[in-house]
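> Annotation source TrEMBL lists transmembrane segment at 17-37, 77-100, 120-144, 171-189, 195-216, 349-371, 377-402. The annotation domain 'CAAX prenyl protease 1 N-terminal' is assigned in TrEMBL to 41-225. Summarising the annotation, TrEMBL assigns domain 'Peptidase M48' to 228-462. Annotation comment: TrEMBL describes 293-313 as region 'Disordered'. The Zn(2+) binding site annotation in TrEMBL covers HIS327, HIS331, GLU407. The annotation active site is assigned in TrEMBL to GLU328. TrEMBL lists ASP411 with the feature active site, proton donor.
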Amino acid sequence: GAMALPGELWAELAAEQRIFCSVLLFSWAVYLWEAFLAHRQRRVYRTTTHVPQELGQIMDSETFEKSRLYQLDKSTFSFWSGLYSEVEGTMILLCGGIPFLWNLSGRISGGAGFGPEYEIVQSLVFLLLATLFSAVTGLPWSLYNTFVIEEKHGFNQQTLGFFFKDAIKKFVVTQCILLPVTSLLLYIIKIGGDYFFIYAWLFTLVVSLVLVTIYADYIAPLFDKFIPLPEGELKQQIETMAKSIDFPLTKVYVVEGSKRSSHSNAYFYGFFKNKRIVLFDTLLEDYSALNKEPAEGEDGENEDSKSKTKNKKQGCKNEEVLAVLGHELGHWKLGHTVKNIIISQMNSFLCFFLFAVLIGRKELFAAFGFYDTQPTLIGLMIIFQFIFSPYNEVLSFCLTVLSRRFEFQADAFAKELGKAKDLYSALIKLNKDNLGFPVSDWIFSMWHYSHPPLLERLQALKVAKQE
């Protein structure tokens, strides 16, 4: 018949065409699945207009409505930005954007006196152009997100000048790390012989350890101000708690997060016996710049503005901050941090091994328009980004499930430290400060949430409180 069956059509395609079609189809399948989940979640935002009964004590209707509208706006935004990137990615593939950019890079590096034998130079030009392209196309989205959505819902604290200075700084710092690291990696792959994948993997392991070590001391301060937490009750309590579980704490910092946004957080970092804790100023009632609105002025109007900010007071009391830290330190004590590093390194090794198996296949390159040359960087891109994408989806789902387990365990750890009550109230406060919406569609939350839904966490803590 005139109508060939899809199976017959498929059989007639050359290997490279099959590869190309599979990559495109999988990309759209993932996109449609995500869109379906987002649609389900948006339905929850649209239809849950009243505080559900079990949340009665936890959230007042005003905050509930605020967070509902905030999440609805965010969801709509991510629908459009997701659609844009899917279409952009598809167009780049269909129009041969990757070989086009590679040839352009070749012309540029050739113009600078580096012929085709300087593959690494051409690769660096390619990387620079590709990251520049994505920075420029991502800019309008990032601007809209910060100055329309976050602004409208009262989170944005940045000025336009700060935003652009930040974006340029971020781009420059990224290049300073990306370009040298990539050129070394390509060099190692080139000279590594049959076992290059072992050396490449070891190299990326060393790089990630070095980056984690220098990030907080040299990179993060380029973007935000870090000050040591002043001596006082909170600092002593933190030190006491760290000591009680043998956490090798060397410094406690407060980061001026309020310059960017009024979202709040806390984390720790560092290797071996040298750990620092970082608290966002927005997490601390006493240090948040956002709580210091009223100027010392005439008493009359000051009283009025004081009572206004009292209701809006952001951040947690010291006991609650300690409970949040108890949770964070739980991740360390229970070995979650180490487990995550081990998982990611095993994964990285496996990927390099498979890369070594596949890199010789000419049809992989031909599928993306590289018929005469097989540049290493392009091979890395094709294999890691496109060929591994089904594997990456499965892996990231498994890691999300694992992360939720870890969160419950860290909550339970804070509970054993006797912080159940304070963690309970801290979670409610942080959810309120960050306008988290406490109702979610079950498939959406299962697929996306790295932290368990608020109600489930509170439920688990409550059991403890009553015991």
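Backbone N, Cα and C define each Cβ position, glycine as well.
What TrEMBL says about a protein is an automatic prediction, not a curated fact.
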> Tally Cβ pairs under 8 Å between the transmembrane segment (77-100) and each listed stretch (17-37, 120-144, 171-189, 195-216), then give the stretch with the top tally.
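Counting Cβ pairs under 8 Å, the winner is 17-37.
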> Measure from the CA atom of the residue listed as 'active site, proton donor' to the CA atom of GLU328 (active site) and give the result in Å, rounded to a whole number.
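Approximately 9 Å lies between the Cα of GLU328 (active site) and that of the residue listed as 'active site, proton donor'.
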> Taking 10 A as the limit, how many CB atoms besides its own sit near the CB of GLU328 (active site)?
21
> So how many other Cβ atoms are close to GLU407 (Zn(2+) binding site), meaning within 10 Å of its Cβ?
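Here the count is 21.
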> Under 8 Å between C-beta atoms and at least six apart in sequence, can you list the same-chain neighbours of ASP411 (active site, proton donor), or say none if there are none?
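Same-chain residues close to ASP411 (active site, proton donor) (Cβ under 8 Å, separated by 6 or more) are HIS327, GLY330, LEU423, ARG457, ALA460, LEU461.
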> For the binding-site residues listed here (HIS327, HIS331), tell me which residue's CB has the most neighbouring CB atoms inside 10 Å.
HIS327
> Checking distant contacts: for the transmembrane segment (120-144), what same-chain residues at least six beyond its ends satisfy Cβ-Cβ under 8 A?
77, 81, 84, 88, 101-102, 104-106, 108-109, 112, 114, 163, 167, 171, 174-175, 178-179, 182-183, 186-187, 190, 375-377
> Identify all same-chain residues not among HIS327, HIS331, GLU407 whose C-beta atom falls within 8 angstroms of the centroid of the Zn(2+) site's C-beta atoms; report them in sequence order.
GLU328, GLY330, HIS336, PHE406, GLN409, ALA410, ASP411, PHE413, ALA414
